[in-house]
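Listed in TrEMBL for this protein:
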type     : residues               : note
BINDING  : Asn107, His112, Glu117 : oxalate binding site
DISULFID : Cys33-Cys48            : disulfide bond
DOMAIN   : 63-217                 : domain 'Cupin type-1'
SIGNAL   : 1-23                   : signal peptide
Amino acid sequence: MATSSSILLLAALLALVSWQAIASDPDPLQDFCVADMHSPVRVNGFVCKNPMEVNADDFFKAANLDKPRMTNKVGSNVTLINVMQIAGLNTLGISIARIDYAPLGQNPPHTHPRATEILTVLEGTLYVGFVTSNQPAPNRNKFLSKVLNKGDVFVFPVGLIHFQFNPNPHQPAVAIAALSSQNPGAITIANAVFGSDPPISDDVLSKAFQVEKNTIDYLQAQFWESNHN
């Protein structure tokens, strides 16, 4: 009897461990949970608006994603539509972005800490790529890249550093990206490292990048403009 009880206990523990190993964000428990942006309650995400007060406009935005955007000094502009623009996206785990690229423009190396991205080229050509994490060799920091033409699709796995570059010196490019989060977040590597507030110590950065401190000071003195709006 004791042996049977021990086996049952072990089986229960293994089931619990297995469940934890495959756990992920739960599916919504109702049809929708429109974000109540005015609620004083703070949760991971947003509190649900009273469903009796929900209307079609909670799921709509006249975003004009068919219209071209002005690009910034790195030659790109990201127009992100997430839960902050469409409250009905709350708990649904998806957002969308239009990305405009000037000739020779780029969406510089960045990461989305909470989302996988799938990108399709609408106009022009893009050179894209991502770098794997600090995993064991031979895949440590492996660089995977591809040239995309109109209609091509490419996936950037969640959390990995990636970029897009328009190699055409004469023609702009346009892409649409879908992201697997209502609020994917974006960390542009150069902006975060050299444009943080307050600045990261140049002792730290000169050691990390193996360059002189005056190089770090020069980079920190630049204006690190965001290409998101």
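Even glycines carry a Cβ here, placed using N, Cα and C.
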Original post:
If one measures from the C-alpha of Cys48 (disulfide bond) to the C-alpha of His112 (oxalate binding site), what distance in angstrom results, rounded to a whole number?
Top reply: 25
Original post:
How far is it from Asn107 (oxalate binding site) to Cys33 (disulfide bond), counting Cα to Cα, in Å?
Top reply: 32
Subject >> Spatial separation of His112 (oxalate binding site) from Cys33 (disulfide bond) - C-alpha basis, Å >> reply: 23
**OP:** May I ask which residues of the same chain, at least 6 positions away in sequence, place their Cβ under 8 angstroms from the Cβ of His112 (oxalate binding site)?
**Re:** Phe156, Val158, Gly159, Leu179, Ser181, Pro184, Gly185, Ala186, Ile187
Original post:
Taking all residues of the domain 'Cupin type-1' (63-217) together, what is their mean pLDDT?
Top reply: 95
Original post:
Would you say which of the disulfide-bonded residues Cys33, Cys48 has the most Cβ atoms within 10 Å of its own Cβ?
Top reply: Cys33
Original post:
With a radius of 8 angstroms around the mean position of the C-beta atoms of Asn107, His112, Glu117, what other residues of the same chain does the oxalate site pick up?
Top reply: Ala97, His110, Thr111, Ala115, Leu119, Phe156, His162, Ala177, Leu179, Pro184, Ala186
Subject >> Fewest other Cβ within 10 angstroms of its own Cβ, chosen from the binding-site residues Asn107, Glu117 >> reply: Glu117
